[in-house]
């Protein structure tokens, strides 16, 4: 049989949960609510970290990147998935499928790297507090964040091009609610070995390696917190670390299950459920775990909201907060640059450095209460 050239494919049918109408009725309100929380929570984090000077630190610079990333990640497929949950016409064009696959792979890969970078940032802030402003410089933050975005994009473009150039013959029903690369490869009738090798190498580099680095960083952090004499301080540090690790384990555990399990030609409903866990639930939990439990963020959010209300009352609703237009990424970069210079010039004494850390490096929710106990 002559293989059908991939350019002749005009569209795919995303099967999703079509065989389970009860699940469709259940997932639509749940996913709608989680997507709304993801958008509001992550947008709020970006706005607050930009507008409040106390949050212009490396931690919130990376957290702002993570929030932007989560918004992009979920937006690549959740809106279309919600439409398909209510519609019998569940098709997507060939080009739309390739674009969705590339963007979801890129944002997912970048998040794997960014979580490892954030763990490294916390390690430096807690285990090397006096050298932290110098070690985590403005240039290094830009380099680490930029490298994560660029590497994720290059990897996803390569994998998408290789996968979508394969010949597709027979039925064109993707047994998934999104153009997930493994589900699309099951439709190919050509040799998929090259694509599978790229996926395996990428999965190894972006899953077990960053996860091991994260576990090592948190192990060193927990070892440092054991030196805290106060039992209350240790409990607060452990509770916050465990909350962070829970989200990391949920994300990496489900992704590893999806991309490193033995290949199967048969589609399973569990694959789609696991995709919902790491692609919808985790981005919703990130703002809660990383920021909204933090007293600094909540206080900054109240101040920013108060400034917005005062501005509206003084100048009217037609006046915006700033007459210039910025992107979230440029605002984060500009605010962090000014803060980074101020932090390094704070002073050289141990007490002044400690105060700078309390004001600008709240790595754990209650860090201002237990970090001073390291002195002496």
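Backbone N, Cα and C atoms are what each Cβ position is placed from, and that goes for glycine too.
Looking at the stretches 3-25, 26-48, the one that TrEMBL records under the feature transmembrane segment is 26-48. Among the ranges 167-187, 272-292, the one that TrEMBL lists as transmembrane segment is 272-292. A contact links the transmembrane segment (237-260) to the transmembrane segment (92-120), because at least 3 Cβ pairs that are 6 or more residues apart lie under 8 A. Taken together, the residues in the domain 'G-protein coupled receptors family 1 profile' (41-290) have a mean pLDDT of 85 on the 0 to 100 scale.
Using a Cβ-Cβ cut-off under 8 Å and counting only residues 6 or more beyond its ends in the same chain, the transmembrane segment (26-48) has close neighbours at 17, 55, 63-64, 67-68, 70-71, 74, 78-79, 81-82, 85-86, 276, 280-281, 283-284, 286-288, 290-292, 297, 300-301, 304, 328, 332. Beyond the transmembrane segment (197-225), the same-chain residues lying 6 or more positions past its ends with a Cβ under 8 Å from any Cβ of the stretch are 109, 112-113, 115-116, 119-120, 122-123, 126-127, 155, 158-159, 162, 181-182, 233-234, 237-238, 241, 244-245, 248, 252, 255-256, 259-260, 370, 374.
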